[in-house]
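Please find one structure pasted underneath; my questions will follow.
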Amino acid sequence: MPIGVPKVPYRIPGDEEATWVDLYNVMYRERTLFLGQEIRCEITNHITGLMVYLSIEDGNSDIFLFINSLGGWLISGMAIFDTMQTVTPDIYTICLGIAASMASFILLGGEPTKRIAFPHARIMLHQPASAYYRARTPEFLLEVEELHKVREMITRVYALRTGKPFWVVSEDMERDVFMSADEAKAYGLVDIVGDEMIDEHCDTDPVWFPEMFKDW
């Protein structure tokens with residue numbers, strides 16, 4: 001029997017007593033977002049809308065985006081990436097599980113020095129694809145040209161943010177490249193592997209958010 005979205009007690013600032021609210025609503029109040037499904041229009045609008053709202057509410061506090069996704073639509077993923085570069089707060093990107101295809105592109109889009117992968121996470125990058133077989137010849141040629149432009153743009157972003165030469169990234173994207181957290185750090189996709197933070201903070205305060213859950 002599915003349990004649905006868990007509810008947790010949360011005291012809204014100004015209220016005397018805690019009320020039961022959806023877990024995700026509590027996390028949103030703590031500036032913590034989740035990308036845990038295929039990247040399509042609905043989840044893209046959801047995440048980008050929250051990023052804009054949180055930026056308006058407080059432009060100084062960081063936003064945390066947890067990622068566990070196999071990727072999805074190219075344009076939708078680029079919309080999330082562009083929003084991350086536009087909003088005022090720094091955005092932590094944290095990979096747990098897997099960040100594949102466009103999800104790895106979003107992981108890459110976090111604030112430099114604030115891109116994190118959990119120790120057993122997997123990251124995969126490859127080139128964008130399109131369903132050519134559905135198009136007639138003129139449409140096929142136009143789609144190939146557009147896809148080539150998008151591929152070059154994505155490759156340039158990977159090269160710029162990882163520090164790898166353009167040709168290296170281009171060759172790697174010819175196939176599915178799976179990386180461990182340590183390999184992704186060496187490649188430049190992330191800056192920190194989670195166990196490094198645990199080792200550093202094991203005898204001090206919580207690793208992520210010292211002020212988190214203060215109203216629970």
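Glycine too: its Cβ is placed from the backbone N, Cα and C atoms.
Residues or ranges marked as active site, nucleophile in Swiss-Prot: S101. Positions annotated as active site by Swiss-Prot: H126.
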Around S101 (active site, nucleophile), how many other C-beta atoms are within 10 angstroms of its C-beta?
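Taking all protein chains shown, S101 (active site, nucleophile) has 24 Cβ neighbours within 10 Å.
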Under DSSP, is S101 (active site, nucleophile) helix, strand or coil?
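In three-state terms, S101 (active site, nucleophile) counts as coil.
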Give the distance between the Cα atoms of S101 (active site, nucleophile) and H126 (active site), rounded to the nearest whole Å.
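Each residue's Cα considered, S101 (active site, nucleophile) and H126 (active site) end up 6 Å apart.
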Starting from the Cβ of the residue listed as 'active site', draw a 10 Å sphere and report how many other Cβ atoms land inside it.
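Within a 10 Å radius of the Cβ of the residue listed as 'active site' lie 16 other Cβ atoms.
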